[in-house]
Ligand SMILES: Nc1ncnc2c1ncn2[C@@H]1O[C@H](COP(=O)(O)OP(=O)(O)OP(=O)(O)O)[C@@H](O)[C@H]1O
C-alpha cells in the first residue's frame, strides 16, 4: 500500500511501511515518518507560525515566497520542513546539496531546468563552492545567471533567465554562511531542540505508523533519552522495538526501553558513546581544556565535523562543555558526570590552551 506524497511522489504506509522496516530500509522508513503538512509538524511552534504566515501570504499573492533559510543541528527537521514548504505550495521539489555543487556549471544546470514556482532544497548550503555561491546570489535576487562560455580573454558571459523559484537552504552552521548569501534569504527559521513532551508525541506517532506497541511510560523513556532530536527518537524507537520483540512480548514498556537503551549505551540523559568519549578525552587527557576541536576529534577517533555538529551542540546545551575563544573547556558538571572531582586550582575556562589548533572560524558558531 502506498500513499500520495504532496510533492508528487509516493511513500509507504501501513503494512508497506512495516515491510520496509523489516527489510532494514532505513531511508524509506525515515522518509515515511516525516510529517507532510505544517499542521502535522510536532513542536517548532515559532518556526511553524512564522513560516505558515510566509506561505499563506505567498499563496494569496499567487507568487513564490521569499527564499527560506533553515538553520539548526542535524535531525531536527530541516529536510522535513523543505518538503512541507513544497507540499503547502503544491509546488514540485528539487533536492540537492552543497557538496554536490562543486562548479558553477552544476548549479547553472539545476537552475536552468527548474519549473516556475519550483522549490529548490539546497542542503548543507555552507559547503557549496565559492563560484557556485556567487552564481546563486544573482539567481536568488534577479532570477538570472550569467553562464561563462570559454576561457581566458575570449570568455563571454551569456545571461540566462530562470523562472521564479523558491530556494530553501539548510545549514547546521549558519555562522559559516557569508553575509551576502544570508542577506538574500527573506526568512530564516532557527530550529530548536525539542522538549521531551514534543518528542514523546513524535515517538507515539512513529510507533503508530510502524505498528509498534508502546506504553506511555515506554514512549516517555525513549523521548527523554533522545537528546532533543526527532531523528534520534525514531532511531531509538526502532532499537527498543527490536529488543521488545526478541527479549520480551513485543510491547515497549518502560523497563524494556530502559534495558534496550542501556544495551545501546544511551544513558538517562541521552548521552551516547561519542558524547562520553568527548567528555572523557577532554577531562582525563586534556585536563579539562581548553583544547581545540580537531585535537579532540583525533583523540576520540571521529571526524571533526561529527564532534562539532553532533556531539558538541548537545554537550554545550546540557552544560557539560563550553566553547571559549581559546578552545573547548569542560564545565564542573562534565567532571561530575564522569564521577571525577572538578579541579579547584584552575578558574573555569582560564587555563592556558593546550592545543589552540582551531579556535578560528569554527568558533564563530559558539553557542
Ligand atoms: N517536527 C517533527 N515531527 C515529527 N517528526 C519529525 C519532526 N522533525 C523531524 N522529524 C523526523 O525526524 C527525522 C529527521 O528529520 P530531517 O531529516 O528533516 O532532519 P534534518 O534537520 O534535515 O537533518 P539533517 O540536517 O541531518 O539532514 C525525519 O524522519 C522525521 O520523520
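Backbone N, Cα and C atoms are what each Cβ position is placed from, and that goes for glycine too.
TrEMBL entries are annotated by machine, without manual review.
What you are looking at is a predicted structure, and each value in this text was computed from that prediction instead of being measured.
Under the DSSP three-state reduction, residue 33 (ATP binding site) is assigned to coil, being neither helix nor strand. The number of other CB atoms found within 10 A of the CB of residue 33 (ATP binding site), across every protein chain shown, is 22. Taken from TrEMBL, the feature ATP binding site covers 33, 34, 75, 78, 79, 80, 141, 142, 143, 184, 194, 231.
Just so you know, the Cβ of residue 79 (ATP binding site) picks up 20 other Cβ atoms within 10 Å once every protein chain is counted. Secondary structure at residue 79 (ATP binding site), taken from DSSP and collapsed to helix, strand or coil, is helix. For 79, the entry in TrEMBL reads Mg(2+) binding site.
Packing around residue 323 (DNA binding site) is summarised by its Cβ count: 23 other Cβ atoms lie within 10 angstroms of its Cβ, all protein chains included. As annotated by TrEMBL, DNA binding site applies to 304, 323, 328.
Sequence annotations record features per position, and here TrEMBL assigns domain 'AAA+ ATPase' to 64-197. Across the range of the domain 'AAA+ ATPase' (64-197), the DSSP-based residue counts are 52 helix, 36 strand, 46 coil.
Residues or ranges marked as region 'Small ATPAse domain (RuvB-S)' in TrEMBL: 195-265.
Look at TrEMBL and you will find 268-367 tagged as region 'Head domain (RuvB-H)'.
In this structure the alpha carbons, written CA, of residue 328 (DNA binding site) and residue 75 (ATP binding site) are 23 Å apart. In this structure the C-alpha atoms belonging to residue 143 (ATP binding site) and residue 323 (DNA binding site) are separated by 40 Å. Binding of DNA is attributed in the record to 304, 323, 328, and the widest Cα separation among these residues amounts to 14 Å. For ligand 1, none of the binding-site residues lies close by, meaning a CB under 6 A from one of its atoms; the full candidate list was 141, 143, 194, 304, 323, 328.
For residue 194 (ATP binding site), the count of additional Cβ atoms within 10 Å of its Cβ stands at 25 [all protein chains shown]. For the ATP site listed in the record, the two most distant Cα atoms among 33, 34, 75, 78, 79, 80, 141, 142, 143, 184, 194, 231 lie 37 Å apart. When secondary structure is read from DSSP and collapsed to three states, residue 304 (DNA binding site) falls in the helix class.
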